[in-house]
C-alpha cells in the first residue's frame, strides 16, 4: 500500500501575502510596532447597514442550507448589477455564488483544465493564479509586461505566447499587484483574438470600483455576445464593500458552464454561509453602498498620490503610478541585488524597519516589492520613511 500525500500537492505553496501578514500580526502580538504593507484588504470596516442585514437574517432563522449556486435574490441582484454597471446581460441561472473569488477561480480551473492545458498569465500576476492552475494539471504561461509601458497588456504580447495547448487567459484589470488598468481598445483586440482561437477569458474584476484619474474599467464580456460566450466574469464583495472575511464571490458565464461550476460547488462548498448572503444582497441593493465605495476610492486615490510622492524620495527608486486597485509595485532591484534578492530584502525590511512588504518574486517579478496603501496616510508616510532609512544602510 502506498502511503503519503498526493503528488498534486507536493509543489503547492502557501499564499505569500497571507504569510507576510501573519508574520506582521505575530510581531504585533509581541508588542512590536510593525507597519503592514502586505494586506490585500481595505482598512475600512464593513458598513453597519450590511452587518445589520446579516444579523436580521440570523434572527429570522436563515441558518439552513441554501441553493448551492446562491440564494435566488442574490443571483438576481448580481444580474441586475452586471446589466446596469457592466453593460452585460446575464440570467440568474448563469450566475454562481461561492466562497470568495479565490474559490470561484478554483472551481473554474477545475472545470476547464485538462492535464497539460496552458493558461496565459500576464506577468506580474496575483500569486494564487499559477498555484491553482498547476493544481489541476495546467501549465501557467507567463506573458511578461514591461514596467516602461506601465505594465499594459497588448495583443502582440498575447500572440507571442499562444500555442495549440492554450486553453485560457486570465485578465485582471485593475491589476494586482501593479495597479494597471488595461486599455479598452487593446482589450477588445485581445478578446476578438480569443474568440477566433477558442480561448477562454477569465476576467477577474475584483478591483473594478478602484480606478483613478482618466483610467477606465471595462468588462470584456460587454464587447459582444461572442466574447461573452467565452468569458468567465469573476467578482466578489471582498474589496468593493470591505467584506474580505465574509468570503462571498461569484462568476457569471454561459449557463452550460454555470451548471458545471454549480455542481462542483455543491460537492465542495455546499453553499456560501446562508445568512452572510443576505449581507451581500444588502450591499447591492442599498443606495448607501455607492457613498461608501466613493469614500474608499477617494481615500485610496489620495493615498496612492502620497505613496508615489514618498517613494520617489528614495534614491534610485523607479515608481510606476498605479491607475487602479490599492497597490503600488516599485522596482527595488538596485537594493535587492545587494542583499541577494527581493525575498532577502523583504526580510531585511521586516527585521530592520519593522515594515512588512511582499517580495515581487511571488508575483513573477523579482526585484520588485508590492506595497498596499490600504492603511492610514500617517502610517503610510511613516512606513515609507522607515524603508528609506533602512535602505540607507545597505
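Glycine residues also receive a Cβ, built from the backbone N, Cα and C atoms like all the rest.
Here's what Swiss-Prot has on this protein:
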BINDING   40, 126, 176, 370  L-aspartate binding site
MOD_RES   239  N6-(pyridoxal phosphate)lysine
SITE      13  site 'Important for prephenate aminotransferase activity'
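For residue 13 (site 'Important for prephenate aminotransferase activity'), the number of other Cβ atoms no farther than 10 Å from its own Cβ, over all displayed protein chains, is 11. Just so you know, of the recorded positions 239, 370, the Cβ with the fewest other Cβ atoms around it within 10 Å is the one at 239.
Largest Cα-Cα distance over the residues recorded as binding L-aspartate, namely 40, 126, 176, 370, equals 11 Å. In terms of C-alpha distance, the listed binding-site residues 40, 126, 176, 370 place 126 closest to residue 13 (site 'Important for prephenate aminotransferase activity'). One way to see the shell of the L-aspartate site is to take the Cβ centroid of 40, 126, 176, 370; the remaining same-chain residues with a Cβ within 8 Å of it are 17, 127, 177, 325, 327, 358, 363, 372. The two recorded residues residue 176 (L-aspartate binding site) and residue 239 (N6-(pyridoxal phosphate)lysine) have their Cα atoms spaced 12 Å from each other. Residue 126 (L-aspartate binding site) sits 15 Å from residue 239 (N6-(pyridoxal phosphate)lysine), taking the CA atoms of both as reference points.
A simple way to gauge crowding: the CB of residue 126 (L-aspartate binding site) has 23 other CB atoms within 10 angstroms, across all the protein chains here. Between the residue listed as 'N6-(pyridoxal phosphate)lysine' and residue 40 (L-aspartate binding site), the C-alpha separation comes to 9 Å.
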